[in-house]
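Student: Here it is, the structure, as structure tokens.
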Amino acid sequence: MFMINLFSLIIPILLAVAFLTLVERKTLGYMQLRKGPNVVGPYGLLQPFADAIKLFTKEPLRPLTSSKFMFTIAPALALTLALTMWVPLPMPYPLINMNLSMLFILAMSSLAVYSILWSGWASNSKYALIGALRAVAQTISYEVSLAIILLPTMLMNGSFTLSTLTTTQEHLWLIFPLWPLAMMWFVSTLAETNRAPFDLTEGESELVSGFNVEYAAGPFALFFMTEYANIIMMNALTAILFLGTFHNPLLPEAHTINLILKTSLLTICFLWVRASYPRFRYDQLMHLLWKNFLPLTLALCMWHMSIPIMLACIPPQT
């Protein structure tokens, strides 16, 4: 039974990832005054399946001097961790209801750094290694701001459980009292998922393709799916944290539809940002976090922690 639950979680995620690639290409196409994919199937709807067949039927080549075990295991580990992060998300009920689901998601996203580092190092290519080091530095740096932003949010929630956020936001979405943190959270999720304008790991003009430069066929497709699964997961998390999802115990489907709509809108914002802004310079990226976001988030964190003490009130105890 558990395996059925697991597959019923994984298969829709992979389908969503497939169609997100199509939505991205269509969005970028229309923003650049062209059509995007429109040959395979009606309006190009079968393009993701054509891409999948092409990638998974090609021969996966491996550089002669690469580390065979790490080179092979890195993409599989990346996708496994990306899918594991979905387990505690309430939609409206999580697959496994954890007391510390938010910490679990942070821990899993930290572990994802290893797959990037292994893939870059095992490729035995200078471009892949530089791309991997950049990706690791960027991911670790922005996780600091994500964790600090989560503290006041969880303080208002009263626990680290994601399921209780629905109850907390019944009357007021947390985006209103926490709007500066919500804005910084959105930018940090862009950086965390290595998306434009923070996609320095795959600077085509300098690093060819970043840490996955030596990958082809199936393993490359796994990295590609990981990136898009992480994007959808981060946006679903943003919707749960700040855009309280409507929940009626008699109609649990309404919660799921609500969450899907909000996640889709946030994902389209990700694509919109990609189409609109140029890439940051590496030092600007680091300065944004360590000199702007970190002092701001720390100050706001102390402010939000002092409010309950000052007003002698307690967060919701659920």
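All positions are counted from 1 along the displayed chain.
Note: Cβ is positioned from N, Cα and C throughout, glycine not excepted.
Positions annotated as transmembrane segment by Swiss-Prot: 2-22, 69-89, 102-122, 146-166, 171-191, 231-251, 253-273, 294-314.
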Student: Pairs 6 or more apart in sequence, C-beta under 8 angstroms, 3 or more of them: is that satisfied by the transmembrane segment (2-22) and the transmembrane segment (171-191)?
Tutor: no
Student: So what's near the transmembrane segment (69-89) in sequence-distant terms, Cβ-Cβ under 8 Å and 6+ beyond its ends?
Tutor: 9-10, 13, 62-63, 95-98, 101, 104-105, 108-109, 111-112, 114-116, 118-119, 121-123, 162, 214-215, 218-220, 222-223, 225-226, 229-230, 233, 236-237, 240
Student: Mind checking which residues reach the transmembrane segment (231-251)? Cβ under 8 Å, same chain, six or more beyond either end.
Tutor: 13, 16-17, 20, 82, 85-86, 89-92, 105, 150, 153, 162, 165-170, 172-175, 178, 182, 185-186, 189, 192-193, 195, 258-259, 262-263, 266-267, 270
